[in-house]
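So the structure is just underneath, and the comments pick up after that.
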Amino acid sequence: MNIVFDLDGTLIDSAPDIQAVAADILNGLGKAPLSLEEVRSFVGEGAGVLVSRMMNAREIPETPARHAEIYGQFVARYESAVDLAVFYPGVVDALAVLKAQGHRLGLCTNKPELPARAVMRHMGLDPVFDVVIAGGMVASRKPDPEMLHVCIAELGGGPTLYVGDSETDAQTARAAAVPFALYTEGYRKSPVAEMPHDWAFDHFDRLQEIVREARARQTAAE
Ligand SMILES: O=C(O)COP(=O)(O)O
Ligand SMILES: [Mg+2]
């Protein structure tokens, strides 16, 4: 089947890289850096929203022009901010096993395309994914289901499991009517019970079992 993954907060913790980019910009504006907790709570709806939240948190008045200026500085640095990202435990093995089993793997992230591709290359993920849909590649962003729909279509259609960490991912899966496995150790803000999901897991060594169950449900529905 197709297994589509979110990136930030699901496969990798990229908050330290984003924190460094933000600190650089805020420092230039005479403002205090963001904590990792702040960064993690700001990620999930794309870089534009992240920049708005950063400006708001450091009381930088947001006009469209000011946002555009700071956003420009942010994305310019974001593209090379890859050194501090780390995989969540078990991710590399889980992806390798799923790939070896012949599943088609997709990536569906709100992270803008250039930083998404840069961090994928840095982490050795390029050969793993058959399809990548990142921020800016389609007109809308998650939780609009379009990104996920496009990703599934490019994977060739058919049964799909979506794996993500945030409220945005849970809403996206629901809107796209795709079964959803929630990784609970990423950047979610709500209790697990309040987020729509078909499975929840706290370690990637459980993903095999979830994929087996998702396939069994799919077969039963056919
Ligand atoms: O960059 C973001 O805001 C989110 O990225 P994600 O969709 O991979 O969680
Ligand atoms: Mg995420």
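Positions of Cβ are set from backbone N, Cα and C atoms, glycine also.
Reduced to three states, the DSSP call for Asp8 (Mg(2+) binding site) is strand. Annotation comment: TrEMBL describes Asp6, Asp8, Asp165 as Mg(2+) binding site.
Positions annotated as active site, nucleophile by TrEMBL: Asp6. Shown in sequence order, Leu107, Cys108, Thr109, Tyr162, Val163, Gly164, Asp165, Ser166, Asp169 are the residues of the chain, 6+ apart in sequence, with a C-beta less than 8 angstroms from the C-beta of Asp6 (Mg(2+) binding site).
The record gives Asp6, Asp8, Asp165 for Mg(2+). Within 8 Å of the mean position of their Cβ atoms, the other Cβ atoms in that chain belong to Phe5, Leu7, Gly9, Thr10, Leu11, Val43, Gly44, Thr109, Gly164, Ser166, Asp169, Tyr183, Gly186, Tyr187.
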